[in-house]
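J.: This is the structure I have questions about; it appears just below.
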Amino acid sequence: MTTLLEIKSSVLRQVQACPTFRRRAEGEPAATSADPPEPAAGAWKPGDGVEFFAHMRLILKKGEGRQGLPCPEVLLRSGSPAPAEPVDPSRGLRALTQEEVEMLYEEALYTVLYRAGTMGPDQVDDQETLLGYLQQVFGTSPEEHAEAIERVKKAKAPTYALKVSVMRAKNLLAKDPNGFSDPYCMLGILPASGAPREPGPRTEQRFSFRKGSKRGGPLPAKCIQVTEVKSSTLNPVWKENFVFEIEDVSTDQLHLDIWDHDDDVSLVEACRKLNEVIGLKGMSRYFKQIVKSARANGTAGPAEDHTDDFLGCLNIPVREVPVAGEDRWFKLEPRSSASRVQGDCQLVLKLITTQRDTGMSQRGRAGFLSYMLLLSRLLQFEHRSEEPKASCWRGELSGPAATILCLHGAQNNLSALQLAVLHWQVSSRHHQTRTLDYGYLLGLLEDMQAHWEEASSLPQGQEESLADSFNAFSEFGLRLLRQLRDFFPATNSTAVYRLELLLKCLSKMQIFQPSFEVCSFRTELNADISAALKRGNREWYDRLLNTKSPREQSGPQRLAGLVELADAVYEDLQSCYGIYASLFHSITDIDFFTLTFRQLERLVAEEAWVLTEELSPKMTLEVASGLFELYVTLADIQRFWSSIPGRDSRSLALAGIHGPFLPAVKLWLQVLRDQVRWRLQGAVDVDTLEPMDASSKHSSSAASASLCFSHIQELWARLAWPDPAQAEALGTQLSQDLCAATLFYTELLRKKVDAQPGAAGEAVSEPLCVVLNNVELLRKAAGQTLRGLAWPEVTSGPEGVLPRPLLGCAQALDEDLQQEVHTVTAHLTSKMVADIRKYVQHISLSPDSIQNDEAVAPLMKYLDEKLALLNTSLVKENLSRVLEALWELLLQAILRALGANLDVSADFYGRFHFTLEALVSFFHAEGQGLPLESLKDGSYKRLEEELRLHQCSTRECIEQYYLDKLKQVARPRVRTRSVGTRPRPRTPAPRSLAQALPQRSLEQKRFGRLSVRCHYEAAEQRLVVEVLHAADLPPLDANGLSDPFVIVELGPPHLFPLVRSQRTQVKNRTLHPVYDELFYFSVPAEACRRRGACVLFTVMDHDWLSTNDFAGEAALGLGSVGGIARPQVGGSARARQPVTLHLRRPRAQVKSALRMLEGRTNKEAQEFVKRLKELEKCMEADP
């Protein structure tokens, strides 16, 4: 083989195989043949439709954010500061009088000047700094400040006391035989100077401690206290509290001993003796005496009977106690170097004052009240210095402020719970006058919750004040929730976080409710929140309605505003679902989304019902457009509710609202129809029929048309008309309008390309390629749009199947567009016909001396160049169609060349056979081009047959002639099934096949049928042919009948050269002749078994005055005759079943073999042709 067979088009390798293009029926009228109707004027503005579709895009753009349920990440778009909350100075603590301010100033100075204890590392230890800070806070002049300090210094110093809580010990020594101890503590205040502490003139018992039922009553000890005995443990837990008066903070110290209880001496008696001791030595002795006592029902026994074991001691100077108190583990110390101790003891120490010489104390003001006023004063001062980020202030106090508050709280013996309550009261009130960070307020509530177990210790006045603060803060928070959208917009992440913290604060307050026995605050907080949200929803809606669509305006004027209102409601519902709902549900267990949706949906529905009733009699194009846009948003609201699992839109107020909008929607769709045509007309007018860019192969008008169709599909999806019957009517009309617009566009393109100058001289017209691509793009776009226009059918059909009207419309449009594509393709390829014929003629005229590849090379080069251009200009679907058209052109050109060259050499046909194989390889391109089954079908088979026949000898052609006749009359094989098997379900035949089967039956009956019986008598070496009868012959005479007779002959002639034809008798005036005649042909069996051997039956109509008429013919292959295929075994030959042959007229494939013989000049071929032509003279045209 030559190298040309390896030529493959580089562009064809990029083509993907596609189904063979099927041409429409010739008799079907083309929908695009008529001139396109002009678009109707009067819809909106007659023009190019740009304004209309710009408005449509705005409607669709609103729907882009309405696909599915909203996500918080999409809604939260801003992290800017939250909007400022409303403040009211009157909601803070009561303003103090001048006298009260002076007393508070004195109280603060007294706290600083008479401080006691050790300052912590985070506290300000410099007294002057603290005093200077107080001067700034109270705004006094230096002179007033100095006078106040002097006045406080002259006041009586406070009385101090040490509050000791003995919590627990651990890892003590085991003193008892059981491996444990029975530890208890004894503690008291010892002056560091060594002098005994005189009881003084006071006889009042200021301190006492509670003991168990075995102890009797309180013990009379002023400076010494004892804990309970904890039996059999090395890690005792006491949690007992004691208070000791301190006379000299700088010198006194706390002494604590831990003993193992072993004797039976009464502890009461020991403590009584201790009060009579004078002197340090005697006190130490009696400390030991006390530890020898035991709890034996209050009775005393001999001290020498038992001895308590020492476990360890502590000595803590009072001056070293931190001003804020401390909770600490102290390591136990021995009494002497000989003592052996181990373990630790946990103590809580706090230095407090019991008597204060200040104005507030003298007037009986409780310590927590003075602390609350001082905290409020400091908070106001500190917050002013944080002005740039005032709303984010978390109550971080400066060092002096924190130190002064710590001193005051400790000196007034305020518990951790009292301090937490006071900070909440003051901060929550202050927040309503100047905004604080809600995280700070929530932290205060959590701090208060951590100490709430001590709630029973709260004074009644402080409990009432706390309840009032809760009520005030609840009212403030509810007022903010009423204006939720203003102060906590869903798009602001900072504001949403503030809302979360506010809800947590409101929810946290309900935890404290059960502990309020004296003065309770509002308990139904969730109900109050729901009521506030409902009221806020209504206020927001009324404000929006009055702004956008006031009721004083006329209906058409209100319509645009109502559309904006509905859009705003939808966006608000998105925010409610995506942002607010989860917060309210997780924190307060309130279904905020359902509450809001039900309320706003009902309000919008009421407004829409009223407006549609008012506008129905005034329907205009402008009103219809506005109502259409309004309905789309209302449908989105309904769809939003339905998209949430478990929600049913039938219960909504908007259910059924589509009815009043139907006239407006119908009118708007008419407007859409006209505007689409105007838009397509305008797009084609400005189209230059050039590709838009390097990545696309269609022009601008196709992109515009495709975009229009996409908008229509999106709009129909958003319309989602709920009534199936009405949706079918709307969808059917819209689909018909869409199909008409598509065909209108193709006609515009055809006129445009016909008007293009210079297109006729180009072999490959770029405008035609662009038009072909445009039509293909629009075919896909229109098909996709039509599939997207499906509506819910009244009777639900199979899922995924289009409704019948829409399916019919889509199929009709696809057929019309396929026809248009075929027309444009034919127009495009017609410009290449002359060139193709020229190159094919070049092959036929090439001398035998040149090689086949050289003769074919110009054609292959031409095709490669043109297809490279087509590949650049066409999309792959169109390129496949053009390839199929070119393939057909090439086959026809070669057939034409063969017909024009008769009686040429075998090399001539061999060259064209080479050409055909090279073209098949070229167009197939190793599977990247057209499929082989498509290439080797239709005209290819005919061409291949002719080439094969041209290369055959005369006798082979004659044999082929008879073989074709046998193929022509071959009956379809009848399949049988075994008994007892069930028949397979029959698959419905396709439409083309269903039409072909009756057509084949009619064709078989057209010329009638002939019944014969044949067999071979081997003994006689003769063939017996019995002509039985004929039926349904065609009427060939004027009387509607015929005079038929049958000619019986064997063929091919060269196999039976000595056999002559025989004929039956003529049966006059009948279409159903009966012959029953026998004919004998003396022929050898070997000749009957040769290729093409057959009996040919020719039925003629006998005419007395003219040439006989040809009625039909049939052939029976001798290879299947009994006695030839297999020896005949017994029985009579007449017992054989007759064979029914359907009469035919010779087909084209039979005539092709005849044409091959006509072109040959040898005697055998000429005689055969002459004999057949004599027979053809008897054949008339088909009746």
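The backbone N, Cα and C atoms fix where each Cβ goes, and this holds for glycine too.
This is the feature table in TrEMBL:
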- 22-43: region 'Disordered' (REGION)
- 141-300: domain 'C2' (DOMAIN)
- 195-216: region 'Disordered' (REGION)
- 628-749: domain 'MHD1' (DOMAIN)
- 853-961: domain 'MHD2' (DOMAIN)
- 974-995: region 'Disordered' (REGION)
- 1006-1132: domain 'C2' (DOMAIN)
J.: Residue counts in helix (H, G, I), strand (E, B) and coil for the domain 'MHD2' (853-961), per DSSP?
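T.: So the domain 'MHD2' (853-961) is made up of 92 helix, 0 strand, 17 coil.
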J.: Where DSSP helix means H, G or I and strand means E or B, what are the helix, strand and coil counts for the domain 'C2' (1006-1132)?
T.: 8 helix, 56 strand, 63 coil
J.: According to DSSP, how is the domain 'MHD1' (628-749) divided among helix, strand and coil residues?
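T.: For the domain 'MHD1' (628-749), the helix, strand and coil counts are 92 helix, 0 strand, 30 coil.
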J.: Tell me, what is the mean pLDDT of the domain 'MHD1' (628-749)?
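T.: It averages 88.
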